[in-house]
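See structure below.
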Amino acid sequence: MVLEPKFADYGSIQSIGEAVPDSAPIGRDSLSTVLPLPPAKGGNDSLEDTSGTIAVAAHNTIVNMTQVDLYQRQPLLQGDKWGHASHPPASDGYYIDDDDDDQNILRKSQEPNGIIKINIPPPVREEPKFPQERWKMLVALVIFFFSSLLVLISLATVHERVPDRKTYGPLPDIFYDILGAHDWGLTVSEYLIIVAFNSMIVVIILHKHRFILARRLFLIMSLLYMYRALTMFVTVLPISSTTYYCSPKNNNTSTLEMAKRVLDMLSGMGLSINGKQTYCGDFIYSGHTLTLVISYLFIAEYTPKKLYPVHWLYWLIAVVGVFMLQLSRSHYTIDVILAYYVTTRIFWIFHTMANNVTLKQHSEKNLLARMWWFNCFLYFEGNVGGQVPRQWPDWPFPWPRRFQTKSRDS
């Protein structure tokens, strides 16, 4: 849009002959530079009368000769002495290109001082700040599935390498020395795991940006499972409990036998209360602690801050679940400590990089870019424009309508 005033040059009033300075008064002396005065024929009185007559005539001539030019060159001076009525209308003084919006972006105000107001529409974001990218969530789900299979394959293999319980007893542990062993603690711990994990799934489903949260859960869990499969495979510890049932070894590590064990553990979701988890050797680090901690972290991170009693509740569930796990001697204390440390650090590092744009690029100052999974992280989080707000709950289904309330971020 181009704004061009039609009156570009207002000009100036010029008299006949030499130009009269703006500060020069109109009188006898000044008029002599405008019109030549005839020689005086009489005395001083006649000369004064003659010069006065000529001055009046010259003044009238100048006014008559420059009045039209004055109106043509200086339209802003038309009207009253303040120039209020001399401004041309908006359609005369400025024009609007044909390609302008029909909403008349340029509007002339009705104020007497002629201020032009330009209504600029707000910028339209071409891309959303938090795109759903559902296909990335599916890719993350596939990665999580293969990571889970990797853990189960590692456990199925480690089961054959576990030291014989009759030959090697449990390693010394300060927690066991103080509280002893109680088998029922594992059952309580796994029921708490079911409550915490299912609550986290509900939080993700009811979140406004549920697809971003889901793929973050799959990616973080995949990283934790990969590390767990590695640490569990390289170092095998003696069985920590003297009463926990372990399936007998068959000294067979064929592909068919490994597949059978993996399917058994997969059908039981890795929980002993389902009667499918009878393979031993998965110590470093604790999968039960991993699940309890990650459930609490997601609930506390993505639900409104005003729900702090709920946050404290799931923190308490995680603490009690870990305590019961230790009470049953299902894991060594070092397993729990390592599980807590690795889970919290990966969760915090992942979200720190996701919330800061400067950490999503390779540079000498960004040492986090040296992690082996950084390029994978960029693929999944490169389009996220900042910290995901706590917009929860947000009903994901079109029915019933009474649940379709505006999501809250507080």
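Counting begins at 1 with the first residue displayed.
Glycine too: its Cβ is placed from the backbone N, Cα and C atoms.
Residue counts of the domain 'Sphingomyelin synthase-like' (280-352) by helix, strand and coil are 59 helix, 0 strand, 14 coil (DSSP-based). The domain 'Sphingomyelin synthase-like' annotation in TrEMBL covers 280-352.
What TrEMBL lists as transmembrane segment is 138-158 (among others).
What TrEMBL lists as transmembrane segment is 184-206 (among others).
Look at TrEMBL and you will find 218-239 (among others) tagged as transmembrane segment. Sequence-remote contacts of a segment are chain residues at least 6 beyond its ends whose Cβ falls under 8 Å from one of its Cβ atoms, and for the transmembrane segment (218-239) they are 137, 140-141, 143-144, 146-148, 150-151, 153-155, 157-158, 161-163, 165, 168-171, 246, 280-285, 287, 290, 294, 332, 338, 342-343, 346-347, 350, 373, 376-377, 380.
Beyond its flanks by at least six residues, the transmembrane segment (283-300) meets 151, 189-190, 192-193, 196-197, 199-200, 203-204, 213, 217, 220-221, 224, 227-228, 231-232, 235-237, 240, 270, 310-311, 314-315, 317-318, 321-322, 325, 330-332, 334-336, 338-340, 342-344, 347 of its own chain at Cβ-Cβ distances under 8 Å. According to TrEMBL, the feature transmembrane segment maps to 283-300 (among others).
For 312-332 (among others), the entry in TrEMBL reads transmembrane segment.
Among the features that TrEMBL reports, transmembrane segment is placed at 338-357 (among others).
Ranked by number of Cβ pairs under 8 Å to the transmembrane segment (184-206), the listed stretches 138-158, 312-332, 338-357 are led by 312-332.
Mean pLDDT for the domain 'Sphingomyelin synthase-like' (280-352) in this predicted model: 94.
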